[in-house]
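For reference, the structure discussed in these notes is given below.
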Amino acid sequence: QDFSQAMSQAGSSQFQEVIRQELEYSMKVELDKILATAHSNEIEHTKKDLEGFKKLFHRFLQEKGPSVDWGKIQRPPEDSIQPYEKIKARGLPDNIASVLNKLVVVKLNGGLGTSMGCKGPKSLIGVRNENTFLDLTVQQIEHLNKSYNTDVPLVLMNSFNTDDDTKKILQKYSHSRVKIYTFNQSRYPRINKETLLPIAKDVSYSGENTECWYPPGHGDIYASFYNSGLLDNLIAEGKEYIFVSNIDNLGATVDLYILNHLMNPPNGKRCEFVMEVTNKTRADVKGGTLTQYENKLRLVEIAQVPKAHVDEFKSVSKFKIFNTNNLWIALSAIKRLQEKNAIDMEIIVNPKTLDGGLNVIQLETAVGAAIKSFENSLGINVPRSRFLPVKTTSDLLLVMSNLYSLNAGSLTMSEKREFPTVPLVKLGSSFTKVQDYLRRFESIPDMLELDHLTVSGDVTFGKNVSLKGTVIIIANHGDRIDIPAGALLENKIVSGNLRILDH
């Protein structure tokens, strides 16, 4: 019986192998057809993109089930995640300028503002005093370069969705003291969930073809940075580290103490990869966490966790930290690993339903997942203030308010706030789009003493409103609530219908 079982298993794995080979062959035929439609000036980079996609597709067909063996996950060793205080306590050397001159700031700028109801790149949404995410980033680096008389460049990783609009806007910084470079992420074809074949028939990505292509997640940074030639140019200029972060994380400013720790390590051995992590709160249970796995630091994301262990993964007591996606990576290591094709990142399968109802999947990777491919990696547990992402208008309300003061492009929590935690803000669906949100606030309320705000339904705020403690405002369907100018709401629940009529 064992023998026949073994034979049938061998048969089924042989059968699976045949199916896999057929799928790969069909995919290759389709991609060749697509490539044949490219103009001569786009053949080279289209070919690179499709080659990269083929590798990813090959790996996707090889992998089965969640990519981590839960039994092998261990807590990271004590010294593999350092407290930020310890790194800061070392102070700064006199020659901090020469250390800064080895740094390049890279912002992930591939995303659109669609989740906040905006067209175009997310980085061009106004966040504070008419400044966009991009304005604030340029101001921060310009301030660094002026203060230390350095030449830290800014590199934007755009996607085909954001490239044109971003390049147009960059002209306005031509006189600023920051060199700005851009390169593009790859462009990969979305595949039909049923047939596992690309839905694109040609290379164009405008008009009705916009839905056929996607940028494959920020894990693509290694290959596209290398392929663009920019990586080699920066190494030739003497640059040694990049600091990578999401452009919508307003807490991700250049930290001199971390940079000094990288350039002048206490034990003389340089880290090739540093991930900033911070303590989880109840709001972050889905964030990726750092674990020890097969003697390497490894980022484990919720998608990789076997279903039976998801609750354990979300527990704040067992996995206390999560990845902020602020990363410091050695340029020479990226080059070495990229040339050896040795950067290993788990595949994230992202299912989407297109407007016409077609189910597709897009294969992506995450930049932090490569940590296990680098030598001497380190986690640094940073203060929560280094993680200030603006994903929704609820986040936007926080950063526009008097909770934060703006100085040289950097937001810092106001000293007038008595406790360092950020209030929990939940704005309902009437506030989702930026333009609706802006219309509903005549001015941003005073939130210095706010703990929790929930707003639901058709609600507007007059000028100079103050919110303190826990405030819940719920306008039922068909009702409207106008919070009058100058109102103070402290530990209040407001519901029903409240119309302020102008006389």
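Counting begins at 1 with the first residue displayed.
Note that Cβ sites are derived from N, Cα and C of the backbone, with glycine treated the same way.
These figures come from a predicted structure and were not determined experimentally.
Here's what TrEMBL has on this protein:
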- Lys122, Gln185, Gly217, Asp248, Lys391: UTP binding site (BINDING)
- His218: substrate binding site (BINDING)
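Within the same chain, the residues at least 6 positions away from the residue listed as 'substrate binding site' whose Cβ sits under 8 Å from its Cβ are Leu108, Gly110, Met157, Gln185, Asn246, Asn325, Ala366, Val367, listed in sequence order. Here the binding-site residues are Lys122, Lys391, and the one with the most other Cβ atoms within 10 Å of its Cβ is Lys122.
Largest Cα to Cα distance within the recorded UTP binders Lys122, Gln185, Gly217, Asp248, Lys391: about 21 Å as a whole number. Take the CB of Gly217 (UTP binding site) and look out to 10 A: across all protein chains shown you find 23 other CB atoms. For Asp248 (UTP binding site), applying a Cβ distance below 8 Å and a minimum sequence separation of six or more within one chain yields Gly111, Lys122, Ser123, Phe133, Pro389, Val390, Lys391. Around Gln185 (UTP binding site), taking its Cβ as the centre, 28 other Cβ atoms fall within 10 Å, counting all chains.
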